[in-house]
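Below you'll find the structure, written out as structure tokens, and then a few comments.
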């Protein structure tokens, strides 16, 4: 996957993005989350009870009053009662907090699973070209890291912040009911504390956006560095690439440090202000006592609650501090979910959810015609990967059903681009491509791919067993057909030598097998798929002579009775094709059989004879393939 920066990453945070994303995907889990919040509130209130009990105890001791006894006996009885109340309160807090946390996590896990599956369906429905523009490191960050932060928001921030705010407001109301003067002294610093917190968030939000963008760039640089390590070492470019990666790491660290320093600058005053309420309560209480405007028990209440009063505010503060980072991640998720350019075909992700929902913006499928269903027509097709850089210009040809049609030309002529367009990886800028007379743009992806199999120069194998890779298109294929496909592709020879045979587990990209073995598995996979149209993108270009002979035989068997489109980098492999289309700079300049093209003594003949050095046909970087 190639890189693509987010246009939203470095902007100021959209603080409503995370709640908006939660509401959109909460579904029927709302009551469960509400119950989690309610349990969190009860746990928060239970946390205040010991302070209340201590106030009652101190008041009783000071006044030497008790409904049961007086004096020392009363003090002992009061202390025991307070201890019991505190014990019960601590137990209730533990129980309700555990229930709140458990329920909130259940909701969070369900919501995050749904979002990740929707991301998968969205990416699955996009064209291969659009998906290729998303760097694999960025996709990982979105699906794993950003979703993980959203899980923390749902499982912790929502119930804990709601409980903290409710408890704080309840205690504030209680204090004002008891004595509005001391209550005012208790809360007078709170607005100033909140002002510092909000200022920190407003002035520092853009730094978090910059850091999120830099973090993504760092991940991409590390992935690219590791992926390209063999080439980097061979060409002795370790220093340059290491510098690029280390620069990305240093920038990430600098931005993170800048963000941390800015928050510490304002976080310290916040912590100081919320912890200083006792400094206002004490002199106010002393003045009121001196003027006999308040009794001792009331003063004791405020002196006991004063130090614990700001605790919910601190909890709320630390939850709000995470909002900038969370918001940038939520915006990124929303951007991906809204950027669906695919179809509504039900995918494996839908099967996981057990849902019949489909991705929107899809053209209704047109039933494939049975007559000449495998004839492929490319009519006046133009295409650009990037604006202003044409890869194809007015390309037209017909690949007749049951025939072999070849596309040849120098590197960068546009051969592979044509194959990618026929396979539906990209959409033409103009013109049309039809199969069996049906415009492929009107087909669902599954309908299109039910007609096409492809074998590329670099076979794509997944981590998993050999069986899973070969039966990718038809997991239910009978064993005898699977064995026949492996034999036809000359793959059974090496599979039978493996201890676990078809159940041998392959690493990522088919690691553990040679290039030729991977290619033979790709051919076997195409046999199993049994599609009427076959696209071969020079499937033997990078193999040794022994493997090439086996692969060529397998391809010859696979091509029988099918419409075959061969993208050839070596002319010797297509000399017997029914039709050869010669491409140059994104256009078809000649067409005919091998003999006809040699007789015309044109561009193809020069290529065949090696007369054209290719000096004037260098690839336009990024424009053609």
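Backbone N, Cα and C atoms are what each Cβ position is placed from, and that goes for glycine too.
Please treat TrEMBL annotations as automatic predictions, because they have not gone through curation.
These features come from TrEMBL:
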{"type": "DOMAIN", "residues": "34-325", "note": "domain 'ABC transmembrane type-1'"}
{"type": "DOMAIN", "residues": "376-610", "note": "domain 'ABC transporter'"}
{"type": "TRANSMEM", "residues": "32-55", "note": "transmembrane segment"}
{"type": "TRANSMEM", "residues": "79-112", "note": "transmembrane segment"}
{"type": "TRANSMEM", "residues": "182-201", "note": "transmembrane segment"}
{"type": "TRANSMEM", "residues": "263-290", "note": "transmembrane segment"}
{"type": "TRANSMEM", "residues": "296-318", "note": "transmembrane segment"}
Given the transmembrane segment (263-290), its same-chain partners at Cβ distance under 8 Å and 6+ residues beyond its ends are 181-182, 185-190, 192-193, 196-197, 199-200, 203-204, 296, 299, 302-303, 306-307, 309-310, 313-314, 317, 321
Residues outside the transmembrane segment (79-112) whose C-beta sits under 8 Å from one of its C-beta atoms, at least 6 past its ends, are 22, 25-26, 29, 32-33, 35-40, 42-43, 46-47, 49-50, 53-54, 56-57, 147-148, 150-152, 154-156, 158-159, 163
Are there three or more C-beta pairs under 8 angstroms joining the transmembrane segment (32-55) and the transmembrane segment (182-201), sequence spacing 6 or more? no
Model confidence over the domain 'ABC transporter' (376-610), as mean pLDDT, sits at 84
Under 8 Å Cβ-Cβ from the transmembrane segment (296-318), and at least six residues away from its ends along the same chain, one finds 44, 47-48, 51-52, 54-55, 58-59, 62-63, 160-161, 163-165, 167-168, 171, 175, 178-179, 182-183, 185-186, 190, 193, 197, 267, 270-271, 274-275, 277-278, 281-282, 285, 288-289
